[in-house]
Amino acid sequence: MAAVQDGQLNLEVEKDIKTEITNDGSGNINANSSSPGSTSSGGKSKSPAGSGEDQQTLLAVLQFLKRNKLTESVDILRREAGLSADADDSPVSESAGAGSGGVPSVGADGGDANSLLSRVSIATPVAPPATAPPKVVAASGGEDQPDVNVVLSAYSQQGDPVLYPLYYNGLKKFIESVLDCHRAELSQVFYPLFVHMYLELVYNNHENEAKQFFEKFSGDQECYYEEDLRILSSMSKKEHMKGNETMLDFRTSKFVLRISRDSYQVSCLGKPEMSRSLWQLTITYRMLSYQLLKRHLQERQNNQIWNIIQEHLYIDIFDGMPRSKSQIDAMSGSLAGEGKRDANKAKVFYGLLKEPEIEVPLDDEDEEAENEEGKPKKKKPKKDSMGSKSKKQDPNAPQQTRIPLPELKDSDKLDKIMNMKEATKKIRLGPDNLPSICFYSFLNAYQGLTAVDFTDDSSLIAGGFADSTVRVWSVTPKKLRRVKSAADLSNIDKESDDVLERIMDEKTASESKILYGHSGPVYGISFSPDRNYLLSSSEDGTVRLWSLQTFTCLVGYKGHNYPVWDTQFSPYGYYFISGGHDRVARLWATDHYQPLRMFAGHLADITCTLFHPNSNYVATGSADRTIRLWDVLTGNCVRILTGHKGPIHSLAFSPNGKFMASGATDGRVLLWDVGHGLMVGELKGHTDTIYALKFSRDGEILASGSMDNTVKLWDTLKAFDDVELDDFTAATGHIHLPENSQELLLGTYMTKSTPVIHLHFTRRNLLLAAGAYNP
Amino acid sequence: MAEERRPKQCTVVLPTESMKAMAESIGVGQLQEESCAALSEEVSYRIKEIAQDALKFMHHGKRRKLTTSDIDHALKLKNVEPLYGFQSQEFIPFRFASGGGRELHFYEEKEVDLSDIINTPLPRVPLDVSLKAPKEQQKAESTEPLKVVKPGQEEEGSIQKGQGAISAEAKGKKEGLMRMKPRSTHELSVEQQLYYKEITEACVGSCEAKRAEALQSIATDPGLYQMLPRFSTFISEGVRVNVVQNNLALLIYLMRMVKALMDNPTLYLEKYLHELIPAVVTCIVSKQLCLRPDVDNHWALRDFAARLMAQSCKTFSTTTNNIQSRITKTFTKSWLDEKTQWTTRYGCIAGLSELGPDVIKTLILPRLTVEGARIKAVSEGPVVSNIDKIGADHVQSLLLKHCASVIAKTRPLPDNMEQYRADYGYLGPTLCSHVVKARAQAALQAQQVNRTTLTITQPRPTLTVSQSGIGGSGGSRSPSIIKVPSSLTLMSTRPGTPTQPSPPATKYIVMATSAGASSTQQVLDGSLVITLSSSSGSSVTSTVASATSTLQPLVKLESRAASGLGGSRPLQKYIVVSLPTSASSSLESKSGMLPPSSSSTSPISLEAGMKMDHTGCVPNGTLLPI
């Protein structure tokens, strides 16, 4: 818990600085522009209020910790926040109300936090402590907890409920009247404003007004917010707000908008001959969108809206041209707006780790050498060149020892050798060379198949079922055998060469084995790379580790109290990640029964998890429609990727670690550049949830499998080539997506009535797919 | 803004009446209106919340349907006790009742008799989960990973044979062209599909008239080649299903389809024998073909199928496929098996004996003694089941029928009863008398032709055998099976013309225009022309109008004989029973050619819908006016 609190604190502190900086910046610009006075003062006056708010939250956290006797954490928090010991002793309401008292401590905050910033590059931008306790509340039967009230109290400032539609309408009219280039940007404000105004109305018991407000304006919102609107619409009473997770998400996190600051210099430098008056005119028209909005609101004395913007929205101002509607649409859609730009600034070492050098026994070549002298010589230089390539350290790769990785065992080495041998027989795929697809259908699964995984060498398939079982099949002629019992094992001659063969019990040989142990549907399943273990995560809140030697459960990892939606082994084994309904992703090591890291920050369930190929990062997709990339070493969130319009259900990294693909319930696949944190492609075509994504072994082809009973193949090579990454787009993160993703679609393969749940490329680039036949 | 309208946001709340009803059900009477309203809003909200959570479980369960277990899990998430054991056979388990001015929905809880539950047989255990993959996969993985995964297994439709291209490239060849080659057989045009549908429906339908026409069409249409695979699949699947269901009638219809297909000179069945032969053999040797083996005449089907088998052996057996020897082996093997039932035994013997005198001589005659002993055991031994007895009787008569003729030809005179008994055991004496008869008959045959027609009616198993001897005919006629619907009275025809010399070796050719090919239809309004011509010079021609359009090649054999045709016969129908192998010589294609009054002047007024199958043994066609 302490670690999370730390992160939380840093975030709060950092937020303060951010608001200050932005406000200063805007103030400066205003000094240049023609309308200085009112705006800059507005900006300045906001800063104490905002920090008072943060302080209030901080104090609430402190109180919570105290009550729970986490004195150590309290000390740390206090020290790092620079709060005096007596500050938190005063009641929360008092300190919140006393804005003036907060000011000096905020100043201290800033100084302290700057030093903190140098240590922690990026902080998690969300407040998990606020989300976690309400769940406890719900569990213990709805007893009031001050934290919730603190969270909700922000809605207590009350305007005249009748005026709300007028305010909103006024803003709507204003935004519709502004220049085209600004309109798209400014209309982003609609949705969060709408939500917060509605919530305010509900909170203040204006039930009817809230309903009317909702009916009047909900139709104006973008269609991708439909899910959230449905949840909102069902919430019509103050009592409902307690314990409603979505509501808390809106409240505890600031909705992030990106709005451009029309670069004043750029537009004017090119026209020095322009007359003074004309220049003035240009300035007024070219005023940054944000300023435009601000001024409008202040002119109209529209404090209600302004307050909401101040409190619940985070407006991320960037320099450059305003974005077009399509650009905005591509990036928006998540529960809490877009990711902040600086949230994606941290460096990500996306390169691959150096492969350990393994002497490939040249037994094949040796045999040939006897026949022909020339051949091995020809082959050897080739092998060397391959080796040297891997010897060179990739500049984008993390240090080899950044994350301690398990040492390679002999069997791992053998497997690596096998892998390399297979890889030489690999087929190069391309648009003209599509892979064959072999479909494994699960028959008689009665809608119960919930998860599938293949081993890397494609020799085993595991299925997780809704009836709590895990089943493992061997798809090679080699049957699954158990290790003999301890008594029998003692009789075995341990010196014999085939001891590994002798320890297996022939009598237990069968094509499939069933693993019993969970007490709820199994939602996630993952083989360890060495094929000795299997992980499964279930509705019962546990992750279980199974041995594929004895076919028994070895460990039940308890930590998630709620359903665990997904779990995934690291590509190097030993570590694994799990994520579930409690919105926290946990990193585990197989020999620790407690998690090593907890990644908190998502605003809704974590629906899928994936390790980066170099095992230094972990990607999580969530029902809040964002993807986050976490650094395993520091536990920080290093990327927030927004753009999906529905819960994300599948993730895939390209084999070189540079790109990522994600699929969601909206039926779209998005492609991401991990290094830059940019969306680089959008693949439309599926009509239902995408449950499976996989890159081919060389990364040229992306296969996507969906609930709509199709497998689609996409030309990723072309998709990544098409992206032009100049400095500007890299800096702003605004990219023009190619309009037509159909050119990238290489093929669509229908199944009869089988949703595609899993995809896997064999080492020779044959595509395997799996799903349950659904008559 | 979002222009496309989203489904209306749901703001429905439960009616307050429900609250009252629920409150009453737990013993709270007289709930105030405001409390009801407040409660209903609260409850509606909670229900929606739970439903939204349940959706999560549905998504993660990778399903499209929300199940009760999803709701349970969602409740569990909220720390609410799930509704254990909820199950309902119906979608709405509530019953409606009204009374006292109030309407009420309640959950009906019936009293269940425990003994009912105990005594009901256990439901079948559901099949366990299994994994299915294309078979090629395993092989491909172990040897060469680039084998084409057989399309159509699961990846249906637009599968591209990318793998073929890849392996081609691996060999350094130019690829890309073979990529899009589809596996499927040729698409049928809409007309062909309609035709296929009509034909198959007619062939297995209840209307005998339609069936006759359909079979006629199959037997004569030259354009059926593309439909052949469909037909053969239809037949083989049909036999498979109907054997299990013991549907004798349908099996017979299907065998008649086989017959018709074989009769079509434009079709070459060899590629489809793998489907047809198993079907035919099934009809010969299956243990049970009908629901009431003691009453139904499944023997005729066996005979008929055996003849079909013999015919296909003759036609298609080559040194490479060895159909005849394989079939012979199959029959012999099951015949020799002690445990074989009488029905199968009968089928085997029939199948073997139809293969010709050589087969009878080498395979059946040596077994006569053994078989005789077995028959004796049944007929003279202790009372066994009636079915066995009938079976034995049939086997006996079958053996006698076939062996007698062979023995008559091969065995030198004299026919000594004792000698026969010594040679052939129990069957010897009867065989002897049969042989004697056969010899006498052979002697008679110089002047007389015998025709035996055996009719079997379906589904009522009345067997009518009508025999009509026609004097003055040169060739001998073997029995033929005619199947007629029971509604028809079958009678020996050609009344009053026994003395008229019927021309020997009459050939009848049926000309039919090809389906949809308008060029061959010279007659207006798409009528078909059937020319029946006899080689002896007397021929009958009648125009048969096809009621169908040119697009739909279903031939309807409705006789629309003009008054001028054939004299004074307003309605008549000829059914061509056999086609000579060398029909081309006497092919008459002109419609207007009216032959002189022919020999078949007998007033043949018949009802439509008669169908006869000729037997393979008939050397020449017979025109059967019925």
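Start at 1 and count along the chain as shown; that gives each residue its number.
Quick reminder: no glycine exception, Cβ is built from N, Cα and C everywhere.
The compositional bias 'Basic and acidic residues' annotation in TrEMBL covers A:12-21 (among others).
The compositional bias 'Low complexity' annotation in TrEMBL covers A:30-52.
The annotation compositional bias 'Gly residues' is assigned in TrEMBL to A:98-110.
Residues or ranges marked as compositional bias 'Acidic residues' by TrEMBL: A:360-371.
For A:383-394 (among others), the entry in TrEMBL reads compositional bias 'Basic and acidic residues'.
Look at the domain 'TFIID subunit TAF5 NTD2' (A:160-265): DSSP puts its residues at 79 helix, 7 strand, 20 coil. Residues annotated as domain 'TFIID subunit TAF5 NTD2' in TrEMBL: A:160-265.
Taken from TrEMBL, the feature region 'Disordered' covers A:1-54 (among others).
Per TrEMBL, the feature region 'Disordered' maps to A:85-110 (among others).
Residues or ranges marked as region 'Disordered' in TrEMBL: A:360-414 (among others).
Using a Cβ-Cβ cut-off under 8 Å and counting only residues 6 or more beyond its ends in the same chain, the repeat 'WD' (A:442-483) has close neighbours at 415, 418-419, 422, 489, 503-506, 508-527, 529, 531, 534, 536, 538, 540, 546, 548-551, 757-758, 760, 762-763, 768, 770-774. Taken from TrEMBL, the feature repeat 'WD' covers A:442-483 (among others).
The repeat 'WD' annotation in TrEMBL covers A:515-550 (among others). Counting residues 6+ beyond its ends, the repeat 'WD' (A:515-550) has Cβ neighbours under 8 Å at 409, 411-412, 415, 448, 450-457, 459-460, 462-472, 480, 482-483, 556-573, 576, 578, 580, 588, 590, 609 in the same chain.
Along the repeat 'WD' (A:557-598), the predicted structure has mean pLDDT 92. According to TrEMBL, the feature repeat 'WD' maps to A:557-598 (among others).
Positions annotated as repeat 'WD' by TrEMBL: A:599-640 (among others).
Among the features that TrEMBL reports, repeat 'WD' is placed at A:641-674 (among others). Note: the repeat 'WD' (A:641-674) comprises 0 helix, 20 strand, 14 coil (DSSP; helix = H, G, I, strand = E, B).
Summarised by DSSP class, the composition of the repeat 'WD' (A:683-715) is 0 helix, 20 strand, 13 coil. Marked as repeat 'WD' by TrEMBL: A:683-715 (among others).
Within the chain carrying the repeat 'WD' (A:557-598), a Cβ under 8 angstroms from the stretch's Cβ atoms is held by residues 3-4, 128, 131-132, 135, 403, 405-406, 520, 523-530, 533, 535-545, 604-611, 613-615, 618, 620, 622, 630, 632, 635, all 6 or more beyond its ends. Break the repeat 'WD' (A:557-598) down by DSSP state and the numbers are 0 helix, 22 strand, 20 coil. Broken down with DSSP, the repeat 'WD' (A:515-550) shows 0 helix, 19 strand, 17 coil.
Using a Cβ-Cβ cut-off under 8 Å and counting only residues 6 or more beyond its ends in the same chain, the repeat 'WD' (A:683-715) has close neighbours at 423, 426, 428-431, 434-435, 437, 646, 649-656, 659, 661-665, 667-671, 741-761, 763, 765, 767, 769, 771. Across the repeat 'WD' (A:442-483), the DSSP tally of helix, strand and coil residues reads 0 helix, 23 strand, 19 coil. Applying DSSP to the repeat 'WD' (A:599-640) sorts its residues as follows: 0 helix, 24 strand, 18 coil.
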